[in-house]
């Protein structure tokens, strides 16, 4: 697995990036075009709208990737997700790409657009085609960025009559779908009737189109979103874009933790007085497979954003100052221990995918007291999912959850400046994509905790009870 050997963390300058893109395509097959070129002419023929009753996931569902030799309950393989015999078109985004493995999950007639990470030192941004134009690979613009990472993991799968939306933590290579625990959110949306295409608008559709444009997706692909009825969308999109890009400079309040603040403020503002009191006592459970430079100040600021509040409002509600060492106690950071990494039953390959640079942990400012040991839902495996769970209410029975590509790092979520009435991003390093689900319920029955959303059980890659690190515990580190 040489493609992972030199990847340490999304807060590091990567010495060597993934395998060069040129090894993934056949000589003489690639053609290069400018992403700003005129869109191709497309047929006016539209697929008929699928009745809601025929959509496999009309209300949305959370699933896990399926570990080999594990039960199929609430889990999914990439083949299950794609349904290669019926999928017509696909757009996917990924950090790690095994193109041969990916294409084996689609039929030879499916047109596929892939947005992938690349090494800007030896490769250039643009739109590249292979296999006679059936496969298009997009390299986003990294102009002016020192250590760019295109880390988002999004899928849009087009079927007769509907589109499948998928936000996940899984890269597009076999390890992430067979021996690591990853998490998926899936919702199917019907196509609009032709006379209403481009007329019916939705919050979700607008957010999704913006996210695609941030990834340099051509307008002819972005325009396909106008054919989809997103009005029953259940999720709130959260993206990150590197802070030196024009979009982030102009709209630094809509990415990363600033976007999280916006979503959570809307939740908070709808609560009654009793719920609001509880909201300001929320506890966060934050997990990622790559760990960043977490200080108490960073955890304090992330916590305030997750409350949708500011320093001033928090002081008014709580009558307490927003001291970093105090508010950080409400943030539990989950990460595998060194023993868990070494004892996982699939050996060194998944172990290499869990990233914690030792210099972070041994830094005197690192918030090591907030580290917690998680228990994977499948014994002796490692969790590559990225998730944030927020709990408030009586016994922490209410809350929300985030899932997607954001690891719990400043490079993914950004450093926030909390102003009197809003939040602005001071720095963001990565392209990321994820979603927030609201109105989540946490229940405990017969000694077992469970999460419910939209009336159904939510599958999590870890158990809800987290234990603080013991004196002898060390995180699963990359010793360098």
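Backbone N, Cα and C atoms are what each Cβ position is placed from, and that goes for glycine too.
A TrEMBL annotation is a machine prediction, not a hand-curated record.
Here TrEMBL gives region 'Disordered' for one range in the set 27-56, 57-86: that range is 27-56.
Reported as a whole number, the C-alpha separation between residue 386 (substrate binding site) and residue 151 (active site, nucleophile) equals 12 Å. Between the CA atoms of residue 151 (active site, nucleophile) and residue 384 (active site, proton donor/acceptor) there is a gap of 13 Å.
Sequence-distant neighbours of residue 153 (substrate binding site): residues of the same chain at least 6 apart with a C-beta under 8 Å from its C-beta are 93, 94, 95, 167, 168, 169, 170, 171, 404, 405, 433.
Over all protein chains present, the Cβ of residue 384 (active site, proton donor/acceptor) has 24 other Cβ atoms lying within 10 Å.
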